Each structure stands twice: as structure tokens, then as C-alpha cells.
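Heads up: the structure comes next, in C-alpha cells.
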């Protein structure tokens with residue numbers, strides 16, 4: 001029940017505001033932590049295929065090309081979610097969509113345990129891809145609404161890397177022990193179940209991103225400051241803000257047409273309101289208006305550039321994580337322990353996302369991606385021409401470190417360039433394009449490996465890095481607010 005401000009002292013009102021602020025911070029922390037949990041689960045799911053591919057091939061007796069159909073199944077799920085995400089989000093809200101996505105992913109793991117005929121596995125991967133894509137889009141959209149988005153986006157995707165780091169360790173140890181590979185998915189069920197429970201608790205199966213976000217609340221250090229703050233609010237409520245503040249509000253509202261948040265005042269309390277326009281999750285538009293948002297998204301040049309870039313980027317990332325074990329076993333005589341090299345790659349990726357944010361901001365988010373791609377390309381040449389297993393393993397981890405920051409930087413730039421009304425749909429499309437790349441390019445790599453040998457992995461990655469650098473030329477700078 002809301003407090004009765006009319007019959008309470010200013011100090012009491014200040015204390016109540018402090019309590020509300022603490023509860024709000026706790027709620028924000030839980031929601032943000034749940035987004036990290038869903039990215040850990042996504043990383044776990046994505047990295048499980050690489051160490052298991054040799055065992056899947058042996059169990060079903062299938063070729064590289066056939067086993068690559070797992071990536072195609074996952075791509076179908078991602079693309080389906082990408083095109084439908086904006087509709088589901090508008091109709092049901094972020095809280096329902098992200099929770100349902102986690103449950104769908106859980107069922108995908110459940111149906112993998114019996115190891116039915118191989119054609120069933122790509123169908124299960126469709127469920128995994130669909131569920132992951134829904135969660136990915138919602139988690140990115142929620143984090144994009146928070147302050148300090150560059151740093152928090154990097155941490156969010158570091159959580160993905162953490163999940164991708166620990167899964168190959170578990171999968172390699174599990175599969176190499178002689179236990180049937182499919183039983184490993186029982187561990188994945190535990191991870192996915194925990195993720196679903198956390199999301200249900202955090203978002204209560206009902207959360208929607210509001211159109212009007214409250215202004216950041218300050219914490220008074222003592223009761224006297226709380227009382228002064230309450231008296232000042234009461235004075236502003238009666239008399240309105242000072243003239244200078246009123247002018248600032250007017251100017252801010254005018255600036256709102258450029259896509260910036262604009263402050264508004266309601267009963268003396270300040271809030272931040274986004275400029276007029278369709279709200280994706282604020283409940284302002286009926287579901288039928290979703291076609292307008294979809295059309296705007298498809299007509300936005302930045303969305304398509306970022307989709308193409310992320311398509312190639314994630315394709316290269318998952319090709320490396322998915323085929324490096326097979327490459328080291330067949331071309332570097334790595335043996336079963338080669339499975340742990342995938343852990344080094346994902347560990348480097350996690351570390352890169354966690355620690356490079358200050359450098360990325362200092363160097364420039366757009367410029368730094370060219371730097372990372374240039375160095376990674378040189379390291380790929382080293383892996384290609386060096387036949388030393390240990391040297392290859394270390395270099396793979398370094399490539400992971402350089403590739404890690406690229407995805408969160410791209411998402412950070414998108415949230416700065418795109419209008420807020422297109423955040424969920426735009427991010428959903430970009431994430432779906434990335435996951436489509438995670439299927440297309442590993443599949444093509446598998447087909448080439450079948451025709452030639454797994455050594456084709458390195459020239460394929462070099463080509464993909466160069467293509468990314470070319471596409472990145474056309475990406476707008478983050479200081480541009482709209483197309």
C-alpha cells in the first residue's frame with residue numbers, strides 16, 4: 001500500500017523514499033542478474049556442440065556434412081524467433097517472452113537425452129535456437145535501458161563467454177569417460193532449469209519495459225538531508241520548479257525530438273519520458289500496430305548493416321569454437337585432450353569481454369574493432385602455418401580474447417544509434433542474424449572439411465575476419481542518434 005504523504009512528516013517521507021529506492025535497486029539488481037544467468041545458459045548451449053561432435057559422429061556414423069545439420073536446425077530456430085520476436089514482445093511483454101524462451105530451450109535439451117535417430121537432433125536444435133533467440137533479444141533489450149550501457153553490455157556478454165567456457169570442460173570430461181554423449185544433456189537440463197527459475201522469479205512473468213522511466217533516485221546520507229529533500233519536493237509541488245529549471249525542461253523537451261530522453265514533471269516528481277512514437281513494450285500500441293514497428297526495423301539501414309556484420313562475426317566465432325577441436329585432433333595430433341582447447345578459446349572470449357571496456361571507450365568503439373580484427377587475422381595465419389600443438393592452443397585463446405569484445409561493442413553502438421522504439425525488434429533481428437551465422441558458416445566449414453580436411457578452418461576464418469572489417473566501414477558512428 002502506498003504511504004499517505006499528506007499525513008506524514010517531511011522526514012518520514014524522506015525515509016519512505018529511501019526505502020523505495022533501496023527496493024528499486026534490489027529489483028533492478030535481480031533483473032540484471034537474471035539476464036546474466038540467461039546468457040550463461042546460452043553460452044553453455046552454444047559451446048556444447050564442439051566437444052561432442054566427434055562422439056556424435058561415432059555414435060550415429062555420420063559425416064562432417066551431416067553432423068553440421070545441427071547448426072542448420074539451430075539457425076531455423078533463431079530466424080523464426082527473430083522474425084516473430086517483436087510480435088510476441090508487443091503482445092505479451094518482456095517478462096513472459098524471456099521466461100517462455102527459457103522453457104522452450106529446456107524442452108530442447110530434454111528430447112536430446114534419449115539419442116533417437118540422428119534426424120531428431122536437428123529438430124531439437126530448432127527448439128534450442130528458438131528459445132535462446134527469444135531470451136537473447138530480451139536480455140539485450142533490458143540491459144540497453146540501464147545506465148553505463150557500454151560497460152554493462154560487455155559484462156552481459158562476458159556471462160555468455162563464461163557459460164561457453166565451462167561447458168567444454170564438462171562435455172569433454174563427460175564424453176571422454178566412455179558414457180554415452182547424450183547423457184551430458186542431463187547436465188544441460190539442470191542449467192536450463194535453474195535459468196528458467198531465475199527468470200520467472202526476476203520478471204514475475206509479467207514485466208514490460210515502461211514508456212516512462214523514473215529518474216535515478218538519490219540516497220540521502222542522513223535524516224537531515226532526507227528531510228530537506230522532502231521539503232524541497234513539497235515546495236516544488238506547490239510552486240513549480242524555478243524559472244531556470246522550467247526553461248531547462250522546455251529545452252530538454254525540444255531536444256527529445258532527436259531521440260534523447262526528455263524529463264517531464266508529474267505532481268512535483270521528475271521522470272524521464274522518451275519522445276513521442278510507438279512504444280515497443282509500454283502497452284501503448286495494440287498488437288496490430290506491430291507491423292509498423294517491423295516495417296520500420298526492416299527499413300532501417302543500421303539494422304541491416306549490423307545484421308550482416310554480426311552474421312559473419314558469430315559465424316566465425318562459432319566456427320572456431322565448434323571445429324577447432326576436430327582441427328587439432330586431425331591435423332595436429334591433439335588427441336582427446338584437444339577438447340580443452342575449446343575451453344581456452346571461450347575463456348579468452350570471456351576475459352576479453354570483461355576487461356576491455358575501458359580501453360574500448362578510450363580508443364573508440366568503432367575504431368577498436370578494426371584493431372581487434374587486424375591482430376586476430378595475423379594470429380590465424382600463425383595457427384595455419386605453425387604445427388606446434390601447444391602454440392596453437394595458446395594462440396586460439398588469444399584469438400578468443402580479441403574476438404570477445406566485438407559483439408557487445410556492436411550491440412552498444414546499436415542502442416545508441418537506433419531509436420528506442422526499435423530496440424527490441426532491431427536487437428532481436430541482429431541477434432537472430434548472428435545465430436543464423438552460427439549455423440551457416442560452421443555448416444559450410446563442415447562441408448569443406450568433408451571435401452578437403454579440417455585444415456580449411458583457418459583460411460575460412462581469415463576470409464571471415466576480412467569481410468567483417470569491410471562491412472564495419474559502413475556502420476554509423478555511435479554519436480549519430482538516428483538514421
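Cβ coordinates are placed from backbone N, Cα and C, and glycine is handled just like the others.
If you check TrEMBL, you get these features:
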- 58-81: transmembrane segment (TRANSMEM)
- 116-134: transmembrane segment (TRANSMEM)
- 155-177: transmembrane segment (TRANSMEM)
- 183-203: transmembrane segment (TRANSMEM)
- 233-280: region 'Disordered' (REGION)
- 245-260: compositional bias 'Basic and acidic residues' (COMPBIAS)
- 262-273: compositional bias 'Polar residues' (COMPBIAS)
- 303-325: transmembrane segment (TRANSMEM)
- 337-356: transmembrane segment (TRANSMEM)
- 368-385: transmembrane segment (TRANSMEM)
- 391-410: transmembrane segment (TRANSMEM)
- 422-444: transmembrane segment (TRANSMEM)
- 456-475: transmembrane segment (TRANSMEM)
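Between the transmembrane segment (368-385) and the stretches 58-81, 183-203, 337-356, 456-475, the greatest number of Cβ pairs separated by less than 8 Å involves 456-475. Using the rule of three or more Cβ pairs under 8 Å, pairs at least 6 apart in sequence, the transmembrane segment (391-410) is in contact with the transmembrane segment (155-177). Using the rule of three or more Cβ pairs under 8 Å, pairs at least 6 apart in sequence, the transmembrane segment (456-475) is in contact with the transmembrane segment (303-325). Within the chain, the transmembrane segment (422-444) has long-range Cβ neighbours (under 8 A, six or more residues past its boundaries) at 46, 68-69, 71-79, 81-83, 85-86, 89, 94, 129, 132-133, 136-138, 140-141, 144, 209, 280-281, 293-294, 296-297, 300, 302-303, 306-308, 310-319, 322-323, 407, 410-411, 414-415, 460, 464.
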